[in-house]
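**Q** Below you'll find the structure I mean.
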Amino acid sequence: MSVEKTAREPCCSKLKMFLAAMCFVFFAKAFQGSYMKSSVTQIERRFDIPSSLIGFIDGSFEIGNLLVIAFVSYFGAKLHRPRLIGAGCLIMAMGSFITAAPHFFQGLYKYETTISHSTAANGTESILPCLTNGSLANDNEIPTVEIQAECERAASSTLWIYVFLGNMLRGVGETPVMPLGLSYLDDFSREENTALYMALIQTLGILGPMFGFMLGSFCAKLYVDIGAVDLDTITINHKDTRWVGAWWLGFLFTGGVMLLAGIPFWFFPKSLPKQGETETDKKSNILEGEQDRFIPDNNKHSTAPNQPAPVSMAVLAKDFLPSLKKLFSNTIYLILVCTAFVQVSGFIGMITFKPKFMEQIYGQSASRAIFLIGIMTLPAVALGIITGGFIMKKFKLKVLGATKLCIGTSLLSFSALLIQYFLQCDNSQVAGLTVSYEGAPQVSYQKNTLISTCNMGCSCSIKHWDPICASNGLTYASPCLAGCQTSTGYGKDMVFHNCTCIREAPLPFANMSAVLGQCPRKSDCDYMFKFYMVVTVIGAFFSACGATPGYIVLLRSINPELKSLALGIYILIVRTLGGVPPPIYFGALIDRTCLKWGTKQCGGKGACRIYDSGAFRNAFLGLIYGLYSLSYVLWGVLYNRLSHREKKLAIKNRLKAPEQDDNGVSSGNRNVSSAIVKCSENPDQETTI
């Protein structure tokens, strides 16, 4: 008598190696994507474009996904999935290199400034900000179309198109990773291990954003033209809103990492042995993953008994529309897709402009905001994802239990988000913008408020942004608008003296001096920012706890034969509606709160330099609250449908149970009779009943 044993899985099985490769590629693509998010502000400043346009550039990644994901998810499931993932990694690496290319075609970065220079007799540089007969006040001169076009060509101001195309190419390359990789893993692993494996992939993948934001913070502190200019001559630092970091450097590095991540996938087979399969099963059955059972095989008579039938592209294309129709007839799947894209819309809008929010509301530098997101928020997200997977495995939650976990964690996260509204700071005090030159709060912003009696004789430009911090605590839009007459020092250490507008402020000082840069926020703002970061970390943890249960609800709510197609269409819709429009309309709404726009080299509106922090907060958080509230309504509808479906299945199973018992008794009687007949025919054969 032979005893059937379960095959012992080796410690370095191909499935585990594939799992390790998936972890690395998830890390690499998250590393690459988060670096792009962290560089949004730097790219916006380098190309002097508004937030709505940078939102469109950021959304080009999803546009690339949109172009190919339906075909990759459907046809890719029948082809060699690991090699398609390897090809995608190569395309993503090329996209990163193309994104960095404009830096090498552009000239040196020229930030806007109103400072004019002259050399004193003793050789010390003297700055004359207040030009009584200067030319900076000629703001109303409109250049001709030819002059404008020539200037823009010289400034290479349209090279942001390369960033758009490179980011879109990254989106094309990322397409096969999730639907094909996760379905490949789900096909050949035990069902009870799927949730843990997905949690592991997502947890290690979340290290990518952590390192991506840290790299973004590091590059944001490096000057864009590092190695090509004398940094001592630069009059701005990394805290200035005109500063542009070495954004291009990170794209070269992340592209190299992605190139390495794709190498292992070229060496995996098309299919693997099922995890935990017995030795008998291995010898007698040909393992058919999702890609072999997706399309019915009508040509079995023409193939060898031990080989799967070849799949033709014509057969695949013919069955595509019926499969799509079958998928969209699943109401639960449609509600899941709608819920996901609404939630993702809020998340994408929030994460895209979160560094700008921290910079404008709490007075943090872009590099510090990016660093804090990477070092504090993302580890909480990683812990939340693994916690969600552990809860699923520990309590063996089914679909309804996973849905309850998603709803509960989302509501806790939303509560933390609501608290953030009350953690606010006052506007930065800028004379002529947020406060008057006498220090009184401004009711509304108008251009002519920048001109006051104290600077009227200086012929100042009101278009340029070249802020200085006065000894009275007020920021002035430029040394000229502060009425400064002389200066001492060089580069970042420059000090302006005899500033006539400082005399009109509520706290005048005898020296009436000012230094370069904006004034720091009040000390209570730093205190409020610490509370904001604590609440943000807690909210990120609870939000991430629902990630793994959400994937399980999706996978268990669709037909197993349509798994890759369902995942692909899910990603297609979620990324199309939840990934492309949000950065654009979030950016357009944020642009409406701008108080002072920068000026391009060729004239015209550049990137925003300072926002109305109260209006920014209301627009940014208000839109997030609205989207998340809608998603919770959809979660309620989804739970109701799932509960109704589970009750119907339970009733159906109870009705089937008596029929199976009756069939079992009659079948048993037939087997006994058959055995007796066989025994009489072969009396020497040993029979066990």
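Cβ coordinates come from backbone N, Cα and C, glycine included.
Feature list, courtesy of TrEMBL:
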- 18-644: domain 'Major facilitator superfamily (MFS) profile' (DOMAIN)
- 54-77: transmembrane segment (TRANSMEM)
- 84-105: transmembrane segment (TRANSMEM)
- 197-224: transmembrane segment (TRANSMEM)
- 244-268: transmembrane segment (TRANSMEM)
- 332-353: transmembrane segment (TRANSMEM)
- 369-392: transmembrane segment (TRANSMEM)
- 404-423: transmembrane segment (TRANSMEM)
- 448-503: domain 'Kazal-like' (DOMAIN)
- 531-555: transmembrane segment (TRANSMEM)
- 567-590: transmembrane segment (TRANSMEM)
- 619-639: transmembrane segment (TRANSMEM)
**Q** Counting only residues 6 or more past its boundaries, what in the same chain has a CB within less than 8 Å of a CB in the transmembrane segment (369-392)?
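**A** Contacts of the transmembrane segment (369-392) (Cβ under 8 Å, skipping residues fewer than 6 from its ends): 34, 38, 195-196, 198-200, 202-203, 206-207, 209-214, 216-217, 220, 354-355, 358-359, 402, 405, 409, 533, 536-538, 540-549, 552.
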**Q** Near the transmembrane segment (619-639), which same-chain residues lie under 8 Å Cβ to Cβ, leaving out any that are not at least 6 residues past its ends?
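**A** For the transmembrane segment (619-639), the far contacts come to 332, 335-336, 338-339, 342-343, 345-346, 349-350, 353, 357, 400, 403-404, 406-407, 410-411, 414, 417-418, 420-421, 585-586, 589-590, 592-593.
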**Q** Given the model, what does the mean pLDDT over the domain 'Kazal-like' (448-503) come out as?
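**A** Computed over the domain 'Kazal-like' (448-503), the mean pLDDT is 85 on the 0 to 100 scale.
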**Q** How many helix, strand and coil residues does the domain 'Kazal-like' (448-503) contain under DSSP?
**A** 13 helix, 11 strand, 32 coil
